[in-house]
Every structure is written in C-alpha cells, then in structure tokens.
C-alpha cells in the first residue's frame, strides 16, 4: 500500500465502486467525489453516499448542474429516449463529462493534498464514448499537471477490462456480493440487478453471467 492520498471519481455504480474498493487496497487515505448534474436517476447520489459511509470513506458532493444546461441528453432528461443508433454516439453520451469530472477531481485533489485520482472509465466496454479512451485520460493527466503544477497520477484500473473481468476484480477484492447488491448501474434507477432492460443493465448482467461461468469452469 502506498502511503499517499487518493481521490476516487465515484457514482455509486459497479465500476466506480470497484475502483473505490481497489483504491482502498492501494492507498493509505482515500476520499470519494460524486457529481450532481441532474442525472436521470437521482438515487445515484443517495447510493453513493450510502456506499461511502459503509466503507468509511469521506465523501464530497459537487454541484455540476451546469452540465445539464449545456448538454441535454438521455442521462439528464426524461423526455430523451435511451438509444444507440448505428454509427452514432449513444443518447446517454454527455459531451465533456469526463473532462469536467477529472478537472474538478484534480482541483479537489489539489485542495486536500491528494496526488492520485482514480476513475472507472473503460475503453473495452466504452460504448463509443470518446472520453472513456486511454488516450483521452493520458492527455487529461498531462493537462491538469500543467495547469496546477502538480504531479497528479490518474489511474484507470478498469481501462482494459471487459465487464466479466471487472466482476472478477471485485471478487479478487473480496467484494463480489457487495458490488452486486449495493451498487446502482441501471439507467432507470433500480439498485442491484436493475431493470434488466436498459443497455447498462444488460451489459452488467452479461458480464456477471460470463464471469460466474468462467469461475465455475475453473473450479
């Protein structure tokens, strides 16, 4: 474990919760930051608070509702249908979201004396989101370091993992059931296994089933 401090960009979902658990194994002191941007499922905020409290992690909540004004999308507006047309970005894409989140997480890290920033973005299952790519994160890391003259390190533990491998990581962290039962991934705001119909639920369920099949075959 590094005797250093880390900030985790945290939504209360499967990926960011796995990252939070990973960070708790890696760093001496860990804090989490959640962004309120009028997301479609308001339960996300409450779930994030609950998980942070259960894990004994200091939790910051930042108001980012300006994103909803600048970038109307299916994650923030009930009147926009969740869909993904071939050759187009999904309607859940929020332009600049991860750029803004990582920038503000870096500002918070500066203020609390943290060097490490952890985000759960993933290029393997990135659904076409350009701000989930490894090259974007590396570019952002260089930018915030130049902007604040700090040697921040942005970590992406899930970058090259598919959903089955993300479940495997949760299991390696002795938290498979915790992540399965306590997190909120569903676009319709249903905790744990979710609605089973939205793209996020299907991706999550398929990954879980694939991992459990792999685990059984290894036994």
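One is the number of the first residue shown, and numbering goes on along the chain from there.
Using N, Cα and C of the backbone, Cβ positions are placed for all residues, glycine too.
Listed in Swiss-Prot for this protein:
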BINDING   10, 11, 12, 13, 14, 15, 16, 17, 18, 19, 20  ATP binding site
BINDING   186, 195, 198, 201  Zn(2+) binding site
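Mapped onto three states, the DSSP output places residue 16 (ATP binding site) in helix.
Those residues of the chain, other than 10, 11, 12, 13, 14, 15, 16, 17, 18, 19, 20, with a C-beta within 8 angstroms of the mean position of the ATP site C-beta atoms are 8, 51, 120, 183. Other than 186, 195, 198, 201, the residues of this chain whose Cβ falls within 8 Å of the Cβ centroid of the Zn(2+) site are, in sequence order, 185, 187, 188, 190, 194, 196, 197, 199, 200, 202.
Residue 201 (Zn(2+) binding site) sits 20 Å from residue 20 (ATP binding site), counting Cα to Cα. Cα separation, residue 195 (Zn(2+) binding site) to residue 14 (ATP binding site), rounded: 15 Å. Classification of residue 201 (Zn(2+) binding site) by DSSP places it within a helix. For the binding-site residues listed here (20, 186), the lowest count of other CB atoms within 10 A around the CB belongs to 186. In this structure, the binding-site residues under consideration are 10, 12, 18, 195, 201, and the one with the smallest number of other Cβ atoms within 10 Å of its Cβ is 195.
The two recorded residues residue 14 (ATP binding site) and residue 198 (Zn(2+) binding site) have their Cα atoms spaced 15 Å from each other. DSSP assigns residue 186 (Zn(2+) binding site) to coil in the three-state reduction, placing it in neither a helix nor a strand. Residue 198 (Zn(2+) binding site): 19 other CB atoms within 10 A of its CB, across all protein chains. In sequence order, 8, 9, 10, 119, 120 constitute the residues six or more apart from residue 16 (ATP binding site) in its chain with CB-CB distances below 8 Å.
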